[in-house]
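Lifted from TrEMBL, the feature list:
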- 38-438: domain 'Amino acid transporter transmembrane' (DOMAIN)
- 46-67: transmembrane segment (TRANSMEM)
- 73-98: transmembrane segment (TRANSMEM)
- 119-143: transmembrane segment (TRANSMEM)
- 163-183: transmembrane segment (TRANSMEM)
- 190-211: transmembrane segment (TRANSMEM)
- 231-253: transmembrane segment (TRANSMEM)
- 265-291: transmembrane segment (TRANSMEM)
- 311-335: transmembrane segment (TRANSMEM)
- 363-380: transmembrane segment (TRANSMEM)
- 386-406: transmembrane segment (TRANSMEM)
- 418-440: transmembrane segment (TRANSMEM)
Amino acid sequence: MATADPNFIHLSSPQKENGVSESPGQLDAGALFVLKSRGSWLHSGYHLTTSIVGPVIFSFPFALSLLGWAPGLLITTLQALITFYSYNLLSVILDHHAQLGKRQLRFRDMTRDILGPRWGKYFVGPLQIAICYGAVIGCILLGGQSLKFIYLLYNPSGKMQLYQFITIFGTVPLFLAQIPSFHSLRHINLASLLLVLAYSACIVAGSIHIGNSRNAPNKDYSIKGSKENSILGAINGISIIATTYGCGIIPEIQATIAPPVKGKMFKGLCVCFGVIVSTYFSVAISGYWAFGNQSQPSILSNFMDENRPLLPSWFLLLTNIFTLMQLVTITVIYLQPTNEVFEKWFANPKMDQFSARNVMPRLILRSLSVIIGTTLAAMFPFFGDIMALFGAFGVIPLDFILPMVLYNLTFKPSRQSIVFWANTLIAVASSALVAMGALASVRQIILDAKTYNLFANV
């Protein structure tokens, strides 16, 4: 006859759906309040698209200029296939544990259960928070730069500084950061998906127009520089392409899906990669076709010729407005991991989510998070170079190495199987990419070091 465990606490169905631990009395406020499992597979597609596809695609023509037509398109295609495969592996692992009755809602939960508690607490958790918060700072910086671009477009002799535009942009996510849960962002992230399609169409149309105009640049597709610089440039191009597919919050996105979760994330990935294929390749091909090896790190820079726009001002304004609006949504989605940690540490899960006891810490901590991020973006306008280094050490391990290791440890495929060796090969190749990406990032930091000044107006 079975006896009742005096330490066992029966949890309601909603608590189980939100990943609350069934260990004695531990109610996880971060899971209950931020990672609510109420969404559909379509909502996960919106979240995935916002977390992966952004203005980073403006660098694709530049990446192709470092690699050339055939290698560039081959690596872009190969990375897309590897990324889809990797994210689907993570989803399969999460589905497996959910079917066993232990749904994992966070990256650190996965690594804790599969690799051990120290991996989740001391490696994956801090690494994910650093990468996501770095993305927040980077988006606020890009938002400020985009606002400044619009300002100078209509007032070329204007005296406003970059830090002022960064501060203005930061006020928007300051308010949107108070949206209580990840699931609550579904409509905003649908708008984000549409904005991506809109500004990608603008970039493609602008590139084709300039490429066919009288002022079209000479279309030279050769690789510039010495052999040594060409090799380093190719490494940089590969690193750029790899990190543009980065996400870092796949488990948290799957956590928003209502149970049963099996197979739903795959559909969401299909939605996301439909957007990726239609935007990444169109921007890369049209931009590189138009500007060749003169492609700039941001394709928008190619739309200006010595501060003279090559396209109508209204067109550039529209493109930048679409970009600005989408940067806000990316900022908010990458605030979710820190929001979840704040709720876990400071909220009381036994009280209502909107009680004064829980609302006040949420309001203060989320506001401080955005204010600090805005301040750092204004202080370090060269943060993009630093973030590229963090991306090499963070995004690639989280998105392209750990999924392979976790899958092999969870399902233990035969060492004679294709799956085992494919996963191993991808993990090893990605590890090499970490080293190459770090090398390219350090080189870029050294090259740009002379322009580094606090609150620089770049």
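Each residue's number is its place along the chain shown, starting with 1.
Yeah, the Cβs are placed from backbone N, Cα and C, and that goes for glycine too.
Tertiary proximity for the transmembrane segment (386-406) is limited to same-chain residues at least six positions away from its ends with a CB under 8 Å from its CB atoms, namely 82-83, 86-87, 89-90, 93, 107, 110-111, 114-115, 124, 127-128, 130-131, 134-135, 137-138, 239, 242-243, 245-248, 250, 380, 423-424, 426-427, 430-431, 433-434, 436-438, 440-442, 444-445.
Most Cβ pairs under 8 Å with the transmembrane segment (163-183) belong to 311-335, among the candidate stretches 73-98, 119-143, 265-291, 311-335, 418-440. Taking pairs at least six residues apart, the transmembrane segment (73-98) and the transmembrane segment (231-253) share three or more Cβ pairs below 8 Å and count as touching. Listed by sequence, the residues of this chain that lie at least six past the ends of the transmembrane segment (231-253) yet keep a Cβ under 8 A from its Cβ atoms are 35, 44, 47-48, 51-52, 56-57, 59-60, 62-67, 71-72, 75-76, 79-80, 83, 87, 90-91, 94, 104-107, 109-110, 128, 131-132, 135, 182, 223-225, 265, 268, 276, 280, 333-334, 336-337, 340, 388, 391-392, 394-396, 398-400, 433, 436-437, 439-441, 443-444. Sequence-distant neighbours of the transmembrane segment (119-143) (same chain, 6+ residues past either end, Cβ-Cβ under 8 Å): 54-55, 107-112, 165-166, 169-170, 172-173, 248-249, 324, 327-328, 330-331, 334-338, 341, 369-370, 373-374, 376-377, 380-381, 383-384, 386-387, 390-391, 394-395, 397-398, 402. Of the candidate ranges 190-211, 265-291, 311-335, 363-380, 265-291 has the most C-beta pairs within less than 8 angstroms of the transmembrane segment (46-67).
Taking Cβ pairs closer than 8 Å, the transmembrane segment (418-440) reaches residues 82, 85-86, 89, 232, 235-236, 238-239, 242-243, 388-389, 391-393, 396-397, 400-401, 404-405, 407-408 in its own chain, all 6 or more past its ends. Within the same chain, the transmembrane segment (265-291) stays apart from the transmembrane segment (311-335): fewer than three Cβ pairs sit under 8 Å, each pair at least 6 residues apart.
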